[in-house]
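Feature list (source: TrEMBL):
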DOMAIN    179-265  domain 'Wax synthase'
TRANSMEM  6-26  transmembrane segment
TRANSMEM  33-51  transmembrane segment
TRANSMEM  57-79  transmembrane segment
TRANSMEM  148-170  transmembrane segment
TRANSMEM  230-251  transmembrane segment
TRANSMEM  257-278  transmembrane segment
TRANSMEM  290-309  transmembrane segment
Amino acid sequence: MEGEISNFVVVWITILLSLCYCHAIAKFMPKGTLRVLLVLPIVYLFFYLPLNLTTIHLGGVTAFFIAWLANFKLLLFAFNKGPLCSDPPMPLSRFVPMACLPIQDIKSKESLEKPLKSSLNYATKLMLLVVFVKVYDYNEHLHQGIKLLLYCLHIYFSLEVLLAMFAYLARAVIRVELEPQFNEPHLATSLQDFWGKRWNLTVSSILRPTVYEPVRSASSRVMGRKWTPLPAVFATFLVSGVMHELIFYYIGRVKPTGAATCFFLLHGMCLGAEIAMKKVLNGRFVLPPAVSRPLALGFVLVTSFWLFFPPFMKNKPDVKGCTETMAFIEFVMNRRLVSPIHLTCPFL
């Protein structure tokens, strides 16, 4: 653990220096081919740096923040687009967090004083997480489908609670607003509602200008504007699938199987069919929420259990993540990694 923390510090110092370099580029290099060539080495470096971290908590978070968020924002920045570009250029103190964190914008004092969600909402999800940990004591007696459902809910609730904590710190310390990652996805009434407005909103917000809008613009030259969302949606889900394969590799160092890409391609095709059907029906027939919600959520869960979770669970991230947590607690308590770990991990 001590070596991992040292690597983590070195990696993030490298990230900060790289972002300082990118910030300096905007001052003397206009948009165009030369700026792209100057930014591309940093993009390559940001794909490489997470390979120096092996833990799920430090390596996985770093991979998501820089290999996905920062790289996509830097590619937009190279073409003078996206959140990193402003006139006049934003100060370095704003450029760095904007580049590698899920940040919308600097908010006013009044906006930052508003709560993100009700305290009861987060307290309920935190209590459910505690319940899940106790249920894991009976892991060997649970049906595989039940375990996958618990893992799905565990990931969702954990991200909600952790991001809420990060958002609170960001608002209090650096006066920025983190983008909401989720918007009650269990209330989705369609795939379009689930992927576009409720699940992983940070990823949606960065894929829209980098993939969806360019593909839609290019498609409009060869097909009617009415149907241009279809190839744009498919391309967006393809890129999302490839990036998930990469994140899974960073976390587990297991050779990609392509299952995650197939999951997103399937959802891209189904979402495209849903959009086409809505355009044809033009509002003449709409399923009531009591029917559409279980259909949408059921489709997401069934396909997740079939294609998404098997490669994710291949390296037993539940066991690995729990072990890492226990090792970190031991490290903090003793300033060194104690072996064997004396704390109890519910997965072991």
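Glycine is no exception: its Cβ is also placed from the backbone N, Cα and C atoms.
Between the transmembrane segment (57-79) and the stretches 6-26, 230-251, 257-278, Cβ pairs under 8 Å are most numerous for 230-251. Mapped onto DSSP helix, strand and coil, the domain 'Wax synthase' (179-265) counts 64 helix, 0 strand, 23 coil. For the domain 'Wax synthase' (179-265), the predicted model reports an average pLDDT of 89.
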